[in-house]
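Annotated features, as they stand in Swiss-Prot:
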type: BINDING; residues: Q163, K335, R364, S365, K386; note: (2R)-2-phosphoglycerate binding site
type: ACT_SITE; residues: E205; note: active site, proton donor
type: BINDING; residues: D242, E283, D310; note: Mg(2+) binding site
type: ACT_SITE; residues: K335; note: active site, proton acceptor
Amino acid sequence: MALIDAIHAREILDSRGNPTVEVEVLLSDGQIGRAAVPSGASTGEHEAVELRDGDKGRYLGKGVQKAVDAVIDQIAPALTGFDATDQRSIDQAMLDLDGTPNKGKLGANAILGVSLAVANAAAASADLPLYKYLGGPNAHVLPVPLMNILNGGSHADSDVDIQEFMIAPIGAETFSEGLRWGVEVYHNLKSVLKEQGLSTGLGDEGGFAPNLPSNRAALDLIQEAIKNAGYTPGKDIALALDVASSEFFKDGAYQFEGKALSASEMSAYYAELVADYPLVSIEDPLDENDWEGWKTLTDAIGDKVQLVGDDLFVTNPAILQRGIDTRTANSLLVKVNQIGSLTETLDAVSLAQRAGYTTITSHRSGETEDTTIADISVATNAGQIKTGAPARSERVAKYNQLLRIEEELDDAARYAGRSAFPRFKG
């Protein structure tokens, strides 16, 4: 039995140049686990609290020294001596120590950093890769990458309302092949943008961020890039969206493409998109508090396309249960820092899968070189992963880890492919 011997935390930088928390856990057998915590740009109002210092004279108020201190001064003494493999008890001890419903005392960034570092240390102690330690012998499904190759919304400085335009290589036989297809489309998209005199500057997640006249124009450009790369839209590579509609929901209406639209008008717009394009997934199509609109949309097109709750569910099992009970949405986006502990994350995934909801393991726009989510994706057989464009090392690190996992699994590896999107009839 390996016990927790020491826990240390430090302030490091994420991919946006903002501070974040990194934690190291030392076990009694000498093994060390490390984890770094991501941070989002478009955040749901029901997410667990990310503790920031608020000192404008240091990192413009975005320092995380309070969270670091919480790890060192409060969490570390409380967890010393715990069996590192008892993840649920460790996470519960931190929740009890925090004592708030949203982790507002210690900070979700402090709790999550420790939670993930413990898992990494325990896996090392067991001499197992993290995906196998968490998922056991049945962890073998490699996810379809939802690759964010064109950015709008709060991830880019442009007139495009939708935050992420993604490609999904559903026709590939293996993860490595799917990744290659995505990379080829990404580079072809750059060529298309250059030919049209459009910007090839990058957004937060590595996707291009040109100033386009409409959201449909973005989809058309991507389809052109898919064809130029030698692939067939809908057969080889499908499209997916993250609308992040809470970002443009103001005064009871959706401020979209220069108009103030109702939920029913937005739903009609999405129905047209699903009819006109090979769309397999739409994330956060409506505001996180517009449950009535979400239900109507699910009833209307939920049998044709994956409707993903990100801000709607914030990886929270209690909120997800409401969605399941009311048959609202049909997919869960899984972000470890939304809920703030590994145990709660795995509980949410398990609940979703039992209810027939698809699951997508996801990064945040502020990322680090930490690859834990790649292992979580395989551990849970999630079937899909969002971790940005095939550019910028903090994104590519996750793809490279999945390549390693696929190689290690060898003949046991199965690529989710088209089966990850059971509602898509394209």
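Every residue number used here counts from 1 along the chain in the order it is shown.
Note that Cβ sites are derived from N, Cα and C of the backbone, with glycine treated the same way.
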| query | Record lists Q163, K335, R364, S365, K386 as binding (2R)-2-phosphoglycerate; longest Cα-Cα distance in Å? | reply | 17
| field | Spatial separation of K386 ((2R)-2-phosphoglycerate binding site) from D242 (Mg(2+) binding site) - C-alpha basis, Å | value | 10
| Per-residue Cβ crowding (10 Å cut-off), top of recorded positions E205, D242, E283, D310 | E205
| remark: Within 10 Å, the Cβ with the most other Cβ atoms among the binding-site residues Q163, S365 is that of Q163
| message | Helix, strand or coil by DSSP: which one applies to D242 (Mg(2+) binding site)? | response | strand
| field | From recorded positions E205, E283, D310, the one whose Cα lies nearest R364 ((2R)-2-phosphoglycerate binding site) | value | E205
| request: Work out how many Å separate D310 (Mg(2+) binding site) and K335 ((2R)-2-phosphoglycerate binding site) at their Cα atoms, rounded off. | output: 8
| message | Using the CB centroid of D242, E283, D310 as the Mg(2+) site centre, which other residues of the same chain sit with their CB within 8 A? | response | Q163, E164, L241, V243, A244, I282, D284, V308, D311, L333, K386
| request: Please determine which of the binding-site residues listed here (K335, K386) has the lowest count of neighbouring CB atoms within 10 Å. | output: K335
| query | Could you state the CA-to-CA distance between S365 ((2R)-2-phosphoglycerate binding site) and E283 (Mg(2+) binding site) to the nearest Å? | reply | 15
| query | Within 10 Å of the Cβ of R364 ((2R)-2-phosphoglycerate binding site), how many other Cβ atoms can be counted across all chains shown? | reply | 27
| How big is the Cα-to-Cα gap, in Å, between K335 ((2R)-2-phosphoglycerate binding site) and E283 (Mg(2+) binding site)? | 13
| How many Å separate the Cα atoms of Q163 ((2R)-2-phosphoglycerate binding site) and E283 (Mg(2+) binding site)? | 10
